[in-house]
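The repeat 'WD' annotation in TrEMBL covers B:51-92, B:137-177, B:178-219, B:220-261, B:306-338.
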């Protein structure tokens with residue numbers, strides 16, 4: 001009984017491996033170049049990279065100044 | 001030769017074939033390829049808010065898409081909805097089971113979800129006059145480790161029963177079950193185009209799945225212990241994982257392999273959580289040693305640290321507009337940094 005369920009499980013493993021073996025793979029150098037380009041292109045719009053100025057920082061408690 | 005023997009042989013041959021195919025495209029690694037890229041600046045972030053209110057360990061947090069509200073889950077048996085700008089609590093949702101491990105905010109802002117050792121994912125409507133439980137998703141046979149809404153009608157879950165599932169929130173039933181991991185599933189991350197997701201598990205593997213047909217498309221190896229955290233890079237072409245083996249790794253989806261490992265000899269605590277800045281350049285990784293380390297994703301170097309918690313950092317999150325990073329800890333506090 002457990003023998004046949006082992007065979008079923010093994011069949012699934014082989015099927016999955018066949019699927020994964022068949023994919024197309026891109027060269028790491030190309031993948032790296034595209035990832036770098038994405039990071040660099042978006043760097044200026046990344047507030048944690050560029051820093052957030054105190055006047056536009058929504059998490060800084062705003063102190064109100066008034067002229068007396 | 002028996003059928004079993006034959007299949008074992010074929011499995012070994014296929015594994016060898018896959019390794020050879022990966023090697024064939026491995027003409028460089030990410031750090032070498034990034035040698036010409038200017039280093040990321042040393043990142044010094046300050047705590048702008050400390051959110052106090054939970055009475056026990058915080059296990060999870062998730063930002064709303066409005067970049068202002070966020071939900072946190074604690075084993076004090078509550079979900080708290082916070083206004084991160086004022087630091088005020090907007091809502092408190094009492095949980096039937098206090099053993100919560102995950103929480104999620106729907107993109108619409110209408111719903112939140114929680115789950116944990118009760119093996120269920122409970123969905124709540126925040127917009128009714130009194131917060132109501134709208135569904136209890138009950139089919140997993142192990143703890144709920146992570147949940148993420150695709151919309152107000154669909155949610156993805158990962159479970160200690162080694163499966164992930166896509167649920168229909170109108171019927172409360174599983175539409176698709178994702179079977180392939182052989183260890184507890186600990187985390188999941190949806191791709192930016194929402195057609196696929198990745199899961200990390202205690203079998204030390206990360207897997208890429210098609211959301212609609214349930215097919216496991218790729219398996220990423222390399223970690224030597226449980227994968228506790230996982231996230232897509234904003235471009236959708238790579239993922240970052242964090243593990244109990246004390247390292248984070250980047251796997252490129254199209255090259256089908258590990259392309260960089262974020263590790264330091266001085267770091268010997270497991271990674272619990274991670275989040276990325278909007279350009280994908282910075283990785284914020286929470287560790288068991290109470291810190292959150294900041295890594296340059298392209299060069300593999302540590303560029304900063306967030307210190308301030310008095311216990312393990314259990315969760316991290318960056319809102320969609322990237323204006324800050326939030327850390328949640330077993331010390332019962334959440335901190336907002338930028």
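Heads up, the Cβ atoms here are built off N, Cα and C, so glycines get one too.
Outside the repeat 'WD' (B:220-261) by six or more residues, the chain places 21-22, 25-26, 29-31, 183-184, 186-193, 198-202, 204-208, 267-276, 278-280, 283, 285-287, 295, 297, 300 with a CB less than 8 A from a CB of the stretch. For the repeat 'WD' (B:306-338), DSSP puts the residue distribution at 0 helix, 15 strand, 18 coil. When the repeat 'WD' (B:220-261) is classified with DSSP, helix, strand and coil residues number 0 helix, 23 strand, 19 coil.
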